[in-house]
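To start, the structure itself, in structure tokens.
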Amino acid sequence: MCDKFGSGHLQPETTTISISIPPETMAPPEPHDVYLPPKKTSFQKLKHKLLEVFFADDPLHKFKNQTRVTKFKLALQFVLPIFEWAPNYNVALLWSDVVSGLTIASLAIPQGISYAKLANLPPVIGLYSSFVPPLIYAVLGSSKHLAVGPVSIASLVMGTMLNDAVSYSLHPVLYLRLAFTATFFAGLFQASLGLLRLGFIIDFLSKATLVGFMAGAAVIVSLQQLKGLLGIVNFTSKMQIIPVLSSVVAQRDEWSWHTIVMGFSFLACLLATRQIGMRKPKLFWVSAAAPLASVILSTVVVALFESNLTTIATIGQLDKGVNPPSSNMLYFHGEFLAVAVKTGVVTGLLSLTEGIAVGRTFAALKNYQVDGNKEMIAIGLMNMVGSCSSCYVTTGSFSRSAVNENAGGQTAMSNIIMSLTVLVTLLFLMPLFKYTPDLILAAIIVTAVIGLIDYQSAFRLWKVDKLDFVACLSSFLGVLFVSVPVGLAIAVGISVFKILLHVTRPNTSVLGNIPGTQIYQDLDRFREAQRVPSFVILGIQAPIYFANSTYLYERILRWLREEEDWIAANAGSTLKCVVIDMTGMLSLTEISFLNGLLQLVYVILSVCHIYNGSNSFKSCP
């Protein structure tokens, strides 16, 4: 490689040189001695194992060899990440964050109202949830680009699970109390996972099952919005596809052509602006500003032509003012406490999964690190405080975070700017929403959730892993035809089943030699690999546990039978030796499972054969 200097930059020129080494000149492998690891006491082994499981990232490594003052500063930054970026904050960063904060506020205000409606809550609750939680996250969160607020999936799940137990229309106060209580337990669950370093639990929701679950939820949510887009008054509260479609057809006498024309016109405009933002990232502001512009325009139209548009339902009068305290409304005893706890855990898990995934995505794009456990604590405390200030479950939103990043957001200050913008709305602009039609909220929800239908990922799953595709399809159909909680349970169940399947049924293969090398690879995957005469080399691609030892015993015997059949069919050399390759797959720590080790010895002894003068073998006694 040679370097040239031009225009003040270092420009590398690369030249590829191929060197061929004849096989006969390759040095034979040298034997190396293998020793047992250093002896440790039982306490030392337990301590090492716990550190590896719960503190793999060694979060306290920065505190080593530091003075007391430095340790205090690091501890303050560790607990309150705002002190990491606030001391170096400047006007240039502030300008970027102001622009991005105002931009995401224009998206958060209409989405907050819409998602509260999706959760069967008063619209103002959505604005409350876009004011307090962003302030809490700006102090405790470690992501620079995560924009927090209500999200569609958590709103849908909360609305569905609570409404199955308590009707929001018949018992609005009790429903609201359960919503705040579920939010409290969601935050408690999230913060507990972070404090106990149990963040790996969210990894049990695999990408395949989440793709199916979110797609099914998006379809159900979109169909539910036909109530607002068609002007239906008496609509089903069920969340299955058949009752929803049946209700649409049964209530066709209530359809309003004013609502249909206006609703689907705005929906078409919102979908068009969404496509513009996706295809031309520089025009992200078009899709970001479209929801608020649609709310303003539809409100003006309804207000001007109120006498002619009596069939169009509107939000109605909203009270001005900041979040009222709601700690006295928390429901900690009574027959519906179990419903609140269950709803909180489910919505907490879903919102945590989405928030962590979004935060890690943008951290990877911008080359910085997000501490998953600290994020769980931040999101959990955010929801716990929110439950005491008239907020419901919030987390990081992918759509708002993407707008935040595209608008040039640099720090969590953008969340504070967004929160202050919502505060101004709560204090001075609430009367303007009196004539905002329900149809525009339905159009905004459909536009937001339609992006959750990731058919391209489903297609890739079909091509790459059929089992993953089955998991995706199962969770999708479970949401559509049974219920959202059942669909989520199917998703989790299939994810756990797949993990157990990989543990108990590890991959095995017959290996062959790559000519001219000392490398052995799978015969089915490498066409140039060749069998070694009189040998069968079996590769086990996983550690041996007591849970998979019986399977490996049976599978190895099957490989030997198939190898004998291949030799008979192809007039190959007589099978004399079996080699089991466990290179790098069987650690000494795993052999401590005595049952697994004994089973391995039994497997090896069982597959030994004694040649008896023909091409058949007898098992060793």
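Each residue, glycine too, has its Cβ placed from N, Cα and C.
Remember, TrEMBL labels are computer predictions, not curated facts.
The transmembrane segment annotation in TrEMBL covers 121-140 (among others).
Sequence-distant neighbours of the transmembrane segment (146-162) (same chain, 6+ residues past either end, Cβ-Cβ under 8 Å): 104, 108, 111-112, 115-116, 118-121, 126, 129-130, 133-134, 137, 168, 175, 178-179, 182, 214, 217-218, 220-221, 239, 339-340, 342-343, 346-347, 350-351, 354-355, 358-359, 362, 379, 382, 392-397, 400-401, 403-404, 409, 412, 414-415, 418, 445, 448-449, 452, 483-485, 488. Summarising the annotation, TrEMBL assigns transmembrane segment to 146-162 (among others).
The feature transmembrane segment is assigned by TrEMBL to 174-193 (among others).
The feature transmembrane segment is assigned by TrEMBL to 284-305 (among others). Remote same-chain residues near the transmembrane segment (284-305) are listed as 103-104, 106-107, 109-111, 262, 266, 269-270, 273-274, 276-278, 312, 314, 402-403, 406-407, 432-433, 435-437, 439-440, 443-444, 447 (criterion: CB distance under 8 Å, separation of at least six residues from the stretch ends).
Among the features that TrEMBL reports, transmembrane segment is placed at 376-395 (among others).
Counting only same-chain residues 6+ beyond the ends of the transmembrane segment (416-433), those with a CB under 8 A from a CB of the stretch are 97-98, 100-102, 104-105, 108-109, 112-113, 123-124, 127-128, 130-132, 134-135, 138, 147, 299, 315, 317-323. Positions annotated as transmembrane segment by TrEMBL: 416-433 (among others).
Positions annotated as transmembrane segment by TrEMBL: 439-457 (among others).
Outside the transmembrane segment (469-497), and at least 6 residues removed from its termini, the chain residues within Cβ reach (under 8 Å) are 156-157, 160-161, 164, 204-206, 208-213, 215-217, 219-220, 239-242, 346, 350, 458, 461-462. Among the features that TrEMBL reports, transmembrane segment is placed at 469-497 (among others).
TrEMBL lists 525-585 with the feature domain 'STAS'. When the domain 'STAS' (525-585) is classified with DSSP, helix, strand and coil residues number 22 helix, 12 strand, 27 coil.
Annotation source TrEMBL lists transmembrane segment at 592-612 (among others).
Listed by sequence, the residues of this chain that lie at least six past the ends of the transmembrane segment (121-140) yet keep a Cβ under 8 A from its Cβ atoms are 80-82, 108-109, 111-115, 146-150, 159, 168, 176, 179, 315, 318-319, 322-323, 374, 377-379, 381-383, 385-386, 389-392, 394, 412-413, 415-416, 418-419, 422-423, 425-426, 430, 433, 441.
Away from its own ends, the transmembrane segment (376-395) comes close to residues 81, 116, 119, 121, 125, 128-133, 136-137, 140-142, 148-151, 154-155, 158, 179-184, 186-195, 199, 323-327, 330, 344, 347-348, 351-352, 354-356 of its chain (Cβ-Cβ under 8 Å, at least six residues beyond either end).
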